[in-house]
Amino acid sequence: MDVSNSVVHKRFSSIRSSFSPCLKVQNNSTNKITLVSVSRPLHISSVESCFRREEKPVVRCEAYESDKSSSEAKSERAQQVKIGIYFATWWAFNVVFNIYNKKVLNVYPFPWLTSTLSLACGSFMMMVLWVTRIAEPPKIDIEFWKALFPVAVAHTIGYVAATVSLSKVAVSFTHIIKSGEPAFSVIVLRFLLGDTFPPAVYLSLIPIIGGCALAALTELKFNMTGFMGAMISNLAFVFRNIFSKKGMKGTSVSGMNYYACLSMLSLLILTPFAIAVEGVHMWVAGWKEAVSLIGPQFIWWVVAQSIFYNLDNQVAYMSLDEISPLTFSIGNTLKRIFVIVSSIIIFHTPVQPINALGAAIAILGTFLYSQVSDWCNLTNQTHPNLISRLFCRQKHEQAPGVREF
């Protein structure tokens, strides 16, 4: 009996051990198999738990994303502050230049010489910066200068023509006429280069042309030479932008160095023409008369207008490296308003209400032109619809931006 019970007990033990939750662990070094018993019994999970994803802590990931978005927001705010500083500096320099330039021209009416002095001052300033290594000199070759030459010719004509205009009419009137440059851009590109633009762009030119015409017809001290100077300046700057876009592709020169090279080449082009048109004897006689009338302060006016002209353009070209053409066009439109209002206040320029209305319409048209051009380009590329097909159908890649200074 005891023997049979012992046999049954052994069989039962062997059966129970076969269901025991033991793990077989093989030792590679000794080739022995060791049984490791699990203290807890087997537990069968539900079917849902087999397919349930294991939840992992996401606190650390969320913190990373929070830090990332925070850093991006700070970077965006810093960029906005930087652009704001560029615009404020650009506008301030432009106002100071226009004021001192007009003061000089009122007592020393030699626009060819004052333009030459401004270009010479800018060239000298950049040479000093390059020699002292404050600014890194550009790595350029003869091909760069060949491509820059037509740009410099157009820049020289545009700058001298604008200075001639300022010597004959009020600062506000010159800038009102110069706000019509988009119309010249579209006309030149359409009829000389064969580019086509969407109907919306043509419609945006109506307030520009109408506003400039209204301002010109109601100008109290209208002068044909001053009017034509501003018009020629618009046309010359359009060709400057075209030559720059077509001839300077692929150049890796910074905005500041690009304008420095442009000033140096323009100085070489302008100097012989300035001597031929006005003459050294007239310069000397006019200089003596201006100094006797104003005093030594006149010399400071000449120096200031030369320095601030170059600072104004340097900041403008540097800002082009940081912002889009649309943002630059808007900034340029606001700058023109700032200059017109400042000059009217400082020089006590008499303005009729209808003349102010014409100026407002022209400047508003310039703003609409930049907005419509950008909207049409964006709409055609992303979400073409009935409106874009009617008003923004175009073959031209992009309507020309307003980039005159």
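Cβ coordinates are placed from backbone N, Cα and C, and glycine is handled just like the others.
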Per TrEMBL, the range holding transmembrane segment, considering 224-243, 304-323: 224-243
For the domain 'Sugar phosphate transporter' (82-370), the mean pLDDT of the predicted model: 91
Proximity verdict for the transmembrane segment (264-284) and the transmembrane segment (172-193), three or more C-beta pairs under 8 Å: no
Selected stretch (most C-beta pairs under 8 A with the transmembrane segment (144-166)) from 83-100, 112-132, 172-193, 224-243: 224-243
Beyond the flanks of the transmembrane segment (224-243) by at least 6 residues, Cβ under 8 Å: 150-151, 154-155, 157-159, 161-169, 173-174, 177-178, 180-181, 184-185, 188-189, 193, 216, 400-401, 403-404
Same-chain residue ranges lying at least 6 outside the transmembrane segment (83-100) that approach it to Cβ under 8 Å: 166, 171, 175, 301, 304-305, 308-309, 311-312, 315-316, 318-319, 322-323, 327, 331, 334-335, 338-339, 342-343, 346, 405
